[in-house]
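*Asks:* Following this message is one structure expressed as structure tokens.
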Amino acid sequence: MANSPLIVPGATDKGTTSKSIFISKSKLSSAAPETSTTASNALAPVQDMAEQMNEEEKHKYVKGKKLGEGTYANVYLGHLVTSPSTLVAIKKIKIQAAYTEGLAPDAIRELKHLQELSHPNIISLLSVFSSKDQNLNLVLEYLPLGDLEMLIKDTEGVRYGAADIKAWMGMLGRGVWWCHENFVLHRDIKPNNLLIAADGEVKLADFGLARSFSDPYRIMTSNVITRWYRPPELLFGAKHYSGAVDIWSVGLVFAELIIRTPYIAGDSEVQQISLICQAIGTPSEDVWPGVSKLPEYTVPEPPTPVRGKDHYLATFGTAGHEGVDVLMGMLVLDPRKRITAREILEHSWWSSDPKPTKNEDLPRKGGGGAKIGEDLKRRPGVLEDERGAKVARKLDFGGMN
Amino acid sequence: MAPSSVSEDERYRTSTQYRLWSFTPASLLELRTTTNRNAANRVREAVWRVREARAAASSGNTSEADGGNSRAVSAVPEGEVDCLSVEEELKLVTHFCRQTLQLGDHLQVPTDVKNWTLEQKLMALQATAVQYIKRFYITNSCMTYDPKTLLKTALFFATKTENHYFRLTKFAEAITATKPEEILASEFLLTQGLRFTFDVRHPFRALEGAVMELQAMANGQIPGGDKLRGMGRRVKEAHGKAREYLKTSALLTDVYFHYTPSQIMMASLLIADRQLISLYLGSKLPPGSANATISAKLMEALDKCAEMLQSLDEQSTADKKELGALAKKLRKCRNPEKIDLVSIQRAKREGDEEVDEKVVKKRKLEREQSAKEGEDLFGPTIKK
């Protein structure tokens with residue numbers, strides 16, 4: 001190891017790795033300074049540089065108590081060795097016996113995109129290391145205050161108003177904007193993927209269904225986004241789509257924050273389409289040129305005209321006139337005319353009254369560590385049929401492109 | 001509330017390609033040298049161990065010999081081990097990257113898309129796989145992990161990260177004479193060598209964008225194209241040439257480690273048609289004192305990048321003879337303990353799966369128990 005420019009902190013500490021037999025030997029070798037690792041010390045194998053780097057990362061963290069256990073991953077509370085008060089969540093991905101094709105695509109997607117996206121409103125991936133040789137550990141920032149779904153559901157315990165909603169929507173909007181700015185589609189935005197940090201900041205999590213924007217002509221699967229938040233183009237089977245799919249989901253999160261119940265909650269795809277027609281209006285060639293050419297385009301008769309602003313004001317009036325404008329922009333049927341993340345952030349809503357609540361004044365609910373355990377241990381990217389329902393989760397990686 | 005404007009450069013600097021995979025030529029060489037030296041040491045140690053084991057085995061003390069390692073034992077040559085140098089490793093890696101490009105062509109991808117997208121599909125796949133291999137061999141040596149095997153793993157892994165997923169068995173079939181487990185055995189090693197970063201930024205899209213803009217200049221939709229005769233034709237020709245550079249030289253040289261995708265794209269166009277690119281850059285940075293420094297700096301970087309891209313033309317003739325000799329040399333200095341990756345992998349997995357924390361505790365208790373019983377000089381009572 002003397003040859004390496006890399007410092008390997010903790011490599012000589014207690015034998016925490018499975019290779020304890022080698023540890024004890026390297027202890028000997030590093031006890032004598034300036035030991036060359038060659039023939040003179042032939043019994044202590046030098047690690048690959050990649051292995052050394054891995055050890056270095058691993059020894060930066062201490063794994064603590066288990067916060068949650070799932071089929072896909074276990075989540076542990078952890079902290080920095082050098083700073084016990086800096087908490088982290090360590091998501092240990094289990095090796096899946098059922099999946100025989102190596103590292104699973106959902107884990108790959110989550111890693112690939114979280115490694116690239118660094119933004120206050122996107123959960124930070126602090127480090128990745130392997131333990132016991134082959135178990136992947138994702139070190140994520142610790143977000144102890146639960147998620148937006150908890151706040152929405154707790155109608156007894158948590159009261160919030162228009163200024164609070166505006167603050168949360170601002171954080172969600174910025175997170176989504178940063179994804180799109182970096183050509184990443186999240187494809188699973190919903191309240192329980194929006195986690196809350198100790199300081200009240202909302203963070204977009206679960207990138208297990210995310211992918212980069214496709215090249216023109218490359219097809220993508222339309223089987224993404226949890227049904228209640230899935231836009232009409234995906235329900236109609238579109239294979240080419242854009243960031244607009246995420247914006248539709250953002251619109252439904254906005255609506256749900258206001259009325260405190262999911263706005264369009266169909267229990268099948270057919271019903272989801274029919275509810276969209278009732279709530280928003282029936283997609284037709286008039287309002288959305290080309291829609292009837294989509295592979296699975298079917299709408300119930302008779303068609304409902306696209307709802308006007310009055311309709312939205314009646315339900316979502318507490319968001320104010322401009323808030324309702326933003327909401328309507330997000331729920332435009334034709335994805336090409338839907339508001340973009342950048343346009344959302346540039347909207348005059350933000351500068352009109354009320355001002356967004358400051359983070360420290362936002363309502364909160366003490367979720368504790370158990371909640372982040374629940375949120376993170378879920379298999380990323382698997383769509384649950386019904387929120388909260390304990391349904392068996394389907395393993396289907398084949399079509400997930 | 002408006003999004004703060006983030007320049008393309010600032011965004012690029014947040015990428016792992018910039019943060020973890022960009023180097024100065026000197027620091028890259030240093031890393032490769034360290035890797036090579038460590039690997040060579042390991043080979044010598046491993047050979048020594050295997051010889052010791054063999055000696056022990058032949059002297060009748062079979063308990064010390066590792067029975068499962070017979071393949072490794074037989075692979076150990078006699079005499080002093082002649083290890084590869086950094087330059088030799090680099091030549092081999094380049095050669096195997098070239099092979100990866102050819103291998104990718106064998107893959108049958110669904111034909112539901114137009115042909116030119118098919119080509120693009122494959123290009124992204126191969127380009128990413130090649131960069132994976134190049135990144136992997138910065139911190140790993142050919143002497144430890146055979147590039148011939150690793151390239152298949154890299155290609156398979158790229159099908160997952162680039163959204164062209166293949167069934168493993170189909171993939172293994174498409175790549176002749178390969179078993180699925182052989183591909184998977186080094187997948188974890190690959191991801192570790194990649195430091196768990198899988199995103200690779202290529203210059204292909206940048207080229208398409210620049211060419212569209214140049215065409216618009218040639219058509220007069222954007223001003224500035226009237227200074228060059230036959231610009232439309234020249235744009236077309238430059239496009240084709242630049243694409244060739246991006247498909248081979250850019251992938252096989254070290255330009256990805258030293259330059260940004262847009263610089264690589266510009267450099268490839270510069271080689272194709274210098275006058276055309278001067279005009280293009282001039283329209284972006286109009287001559288004048290304000291832009292003089294940045295313009296000069298940019299041209300210097302592009303020229304260096306272009307030089308590196310063109311250096312491959314000379315290397316490519318790197319005779320088959322030399323490569324044959326290198327391959328032969330590699331066979332003699334392979335780390336004998338890392339040859340059978342499939343068995344190593346299997347042992348690791350089987351070792352891991354069952355050892356959960358409770359079991360460990362239980363075993364520890366049992367050990368302590370038996371240790372107490374075993375304090376008697378002749379061990380515990382024999383179980384009946």
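The backbone N, Cα and C atoms fix where each Cβ goes, glycine too.
Remember, TrEMBL labels are computer predictions, not curated facts.
Not my notes, these are from TrEMBL:
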DOMAIN    A:61-350  domain 'Protein kinase'
BINDING   A:Leu67, A:Gly68, A:Glu69, A:Gly70, A:Thr71, A:Tyr72, A:Ala73, A:Asn74, A:Val75, A:Lys91, A:Lys92  ATP binding site
ACT_SITE  A:Asp188  active site, proton acceptor
REGION    A:350-387  region 'Disordered'
COMPBIAS  A:355-364  compositional bias 'Basic and acidic residues'
COMPBIAS  A:372-387  compositional bias 'Basic and acidic residues'
*Asks:* How many other Cβ atoms are found within 10 Å of the Cβ atom of the residue listed as 'active site, proton acceptor', counting all protein chains shown?
*Replies:* 24
*Asks:* Test of understanding: give the count of other CB atoms lying within 10 angstroms of the CB of A:Ala73 (ATP binding site).
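*Replies:* 24, counting other Cβ atoms within 10 Å of A:Ala73 (ATP binding site).
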*Asks:* On average, what pLDDT score does this prediction assign to the domain 'Protein kinase' (A:61-350)?
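*Replies:* The predicted confidence over the domain 'Protein kinase' (A:61-350), as a mean pLDDT, is 93.
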*Asks:* Pop the Cα-Cα gap between A:Val75 (ATP binding site) and A:Asp188 (active site, proton acceptor) into the table, whole Å please.
*Replies:* 21
*Asks:* Counting every protein chain present, what is the number of Cβ atoms, excluding its own, within 10 Å of the Cβ of A:Leu67 (ATP binding site)?
*Replies:* 25
*Asks:* Could you give me the DSSP helix, strand and coil counts for the compositional bias 'Basic and acidic residues' (A:355-364)?
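*Replies:* The compositional bias 'Basic and acidic residues' (A:355-364) comes out at 3 helix, 0 strand, 7 coil.
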*Asks:* Ten-angstrom check, please: count other Cβ atoms within 10 Å of the Cβ of A:Lys92 (ATP binding site), all chains counted.
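*Replies:* Other Cβ atoms within 10 Å of A:Lys92 (ATP binding site): 19.
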